[in-house]
């Protein structure tokens, strides 16, 4: 009985032993990240690298409003289509907006030669100065400048023509050869537009220009071309059997352009001195223009984000994240978030870091939980936590800085005859996009794996730090915790945490308690062995007595015959 009481007392004393545990932070975060080896790992903290939202608005870009062309397209705006009069004073923009119904372009049917290239050139233009390159009143005294009108370009119910071009016809009965030059003295490139008319019949050719064998010649240091009218019957378009082809060139500073013609010239009236240097672009969007400002615009809406990637739209203008096909790019900064199930016994034992993290520790990533006669509590290890925060912050910033190359990505322009080139270009762009997406996803997977391993290593290092201090003054109890062989008050606990634990000071007490506990274990084992032998012998005797009694009863009533032979 004394042995049993001694064992119970020792068990009770063991439960009261002072303990210290090493563990890590946990919280109620539901953030998940992917690693090379795992999917949807819940972590305490993470940062998102992928922007997937927009405001649904077309905004000013860095304080400069866009140019909304409305129902007009670039051709109608530059030629001066009468339906585009609201754009006559437009001279600066951050980007240009066409809509899905921007159909007012060339009112007189024909081709706009190298139109796609012109649109591409406008991607680097943010403003221009519109000026009369050849004043209407004084430039063409020998030719008619008021009768060149058409019902195809009507205005207020009357025939008219483009605002920026002059359709010159014969004056009286003659169309004398004309020659007119302009020298660029604007200090910047000048955009010059003109046209050539192709009548359907020789009769119309003579009616308009008198000369049947007319020509148009345009020349500069970089452009030189001679045109002859293509007189042929054509199906009517917009009520016209004739056609006009439209041309353009960029005239360098100091260069001279000369127009020479004996008929069929659609002469430039206004030209545009271009201000280049900024990233502009042309987007097609039906989103509304609002009084807002952004640094990045997509056709769907503005992005106000400093993230390195976005999956909103591949077409962007301004300082924009790189477009990728990914749906999730989240980088882990914290630890695996596995809150421990805090099963509490008589003295409220706390599960250690092997079983899960601590939601009670809120001021650090790694730390301690202690329990002694003075109470219990959590304390973060600030040094290891701060070192980890600094390292991970630097890593995240470095990744964002390296990948956050912000730029404009506008669509490339191709005409109907360049479909094979366009298709090839799309395949190349898709290939680059796949590579960018793969690189971004792989980078995040690898860094997440490294971050979680880094945290695991830090917890293990903290555990080993405590273990190396305590040595045999405490024992490991298998859940990230140590049980002291001596009394460890709050001052003692603090010394373990800050690395100043005095091992010799507690070694003698620990040695005595270790020996006492080991002795109790041995004595308890001897008692249990004696009890086991006694129990076995007693059970055997009871069995023999019972068997004898049954046999005697059976013999007495004749159920069993007993013979004793001598």
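Sequential numbering from 1, following the chain as shown.
Any Cβ shown, glycine's included, is placed from N, Cα and C.
Here Swiss-Prot flags 59-292, 72-84, 107-153, 296-320, 488-492 as disulfide bond. Under the heading N-linked glycosylation site, Swiss-Prot lists 27, 28, 40, 104, 304, 498, citing sequence analysis as support. Under the heading S-palmitoyl cysteine, Swiss-Prot lists 555, 562, 565. Annotated signal peptide per Swiss-Prot: 1-17, in sequence order, evidence recorded as sequence analysis. The topological domain 'Extracellular' annotation in Swiss-Prot covers 18-529. According to Swiss-Prot, the topological domain 'Cytoplasmic' annotation covers 551-566. Positions annotated as transmembrane segment by Swiss-Prot: 530-550.
Swiss-Prot feature annotations superimposed on the structure.
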residue	record	DSSP (3 states)
40	N-linked glycosylation site	coil
59	disulfide bond	strand
153	disulfide bond	strand
292	disulfide bond	strand
304	N-linked glycosylation site	coil
320	disulfide bond	strand
488	disulfide bond	coil
498	N-linked glycosylation site	helix
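The two recorded residues, residue 292 (disulfide bond) and residue 304 (N-linked glycosylation site), have Cα atoms 11 Å apart. In the three-state DSSP classification, residue 84 (disulfide bond) falls within a helix. Long-range C-beta contacts of residue 304 (N-linked glycosylation site), restricted to its own chain and to partners at least six residues apart, with a cutoff below 8 Å, comprise 55, 294, 295, 296. Counting every protein chain shown, the number of other Cβ atoms lying within 10 Å of the Cβ of residue 153 (disulfide bond) is 22.
With respect to residue 492 (disulfide bond), the closest of these recorded positions in Cα terms is 40, chosen from 40, 72, 153.
Looking at residue 488 (disulfide bond) and residue 40 (N-linked glycosylation site), their Cα atoms lie 42 Å from each other. The least crowded of the disulfide-bonded residues 59, 292, 296, 320, judged by other CB atoms within 10 A of its own CB, is 292.
A simple Cβ count within 10 Å picks out one of the glycosylation sites 28, 40, 104 as the most packed, and that one is 104. Remark: residue 107 (disulfide bond) has 76, 81, 82, 83, 150, 152, 153, 162, 238 as non-local neighbours, by Cβ distance under 8 Å and separation of at least 6 in sequence.
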